[in-house]
């Protein structure tokens with residue numbers, strides 16, 4: 001059994017200003033996406049420029065923050081925020097939805113494509129490999145906040161969390177770091193290093209993320225305000241992953257888009 005390493009959620013204090021680890025993790029995620037995007041844009045045959053990557057990051061930041069927060073409110077705890085509307089803006093305390101953020105990013109990519117004369121799937125295939133590092137840092141932020149822990153476990157790496165009771169739990173945030181952050185990034189980076197049919201990089205992202213998240217949800221404690229939605233095991237996270245898995249399979253289907261290009 002491991003004990004949760006109590007970490008002050010405030011990383012840096014400068015006078016009246018406080019910089020929380022949770023917010024810094026988002027900053028690290030955006031910076032890593034920008035750096036990787038610049039590398040991809042510099043590859044031979046790329047239709048992207050450094051300036052387009054800079055614009056892309058700006059669009060994505062707005063999509064992630066607005067979509068992630070709105071998605072969490074709508075999907076996970078609408079009643080609470082209707083009763084406490086001032087808490088809607090307290091994103092430094094946590095409460096972001098990946099699926100809401102993804103919808104925000106989809107809208108941002110559509111706007112970016114229109115502005116630069118690129119097809120939506122062209123933008124999506126370029127952006128997909130840049131997302132996993134952000135997921136990695138986001139889950140580290142969840143871990144530092146001591147939130148989104150897993151179910152009780154007797155495994156030797158089970159961890160006692162401050163607000164999780166006296167029994168060890170799965171450190172499900174770290175599972176997601178490994179699967180959605182490290183493994184997903186490596187798979188997409190290698191896969192996109194060669195020319196692929198349009199939509200295949202996006203399809204692989206949707207499929208693998210959906211499968212990884214769906215799987216981890218089995219050991220992750222469901223949100224207390226929602227519990228299980230069906231069958232005594234189906235969570236909101238799993239429900240939201242099912243369309244992603246189906247979309248990924250459809251984009252990767254044999255005989256799909258034949259337009260082969262460098263992603």
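Quick reminder: no glycine exception, Cβ is built from N, Cα and C everywhere.
According to Swiss-Prot, the transmembrane segment annotation covers 10-30, 56-76, 91-111, 117-137, 171-191, 199-219, 231-251.
For the transmembrane segment (91-111), the neighbouring stretch richest in Cβ pairs under 8 Å, chosen from 10-30, 56-76, 117-137, 171-191, 199-219, is 56-76. When Cβ-Cβ distances under 8 Å to the transmembrane segment (199-219) are tallied for each of 10-30, 117-137, 171-191, 231-251, the top count falls to 231-251. Comparing 10-30, 56-76, 171-191, 231-251 for CB pairs under 8 angstroms to the transmembrane segment (117-137), the maximum falls on 171-191. Outside the transmembrane segment (10-30), and at least 6 residues removed from its termini, the chain residues within Cβ reach (under 8 Å) are 57, 60-61, 64-65, 91-94, 133-138, 140-142, 144-145.
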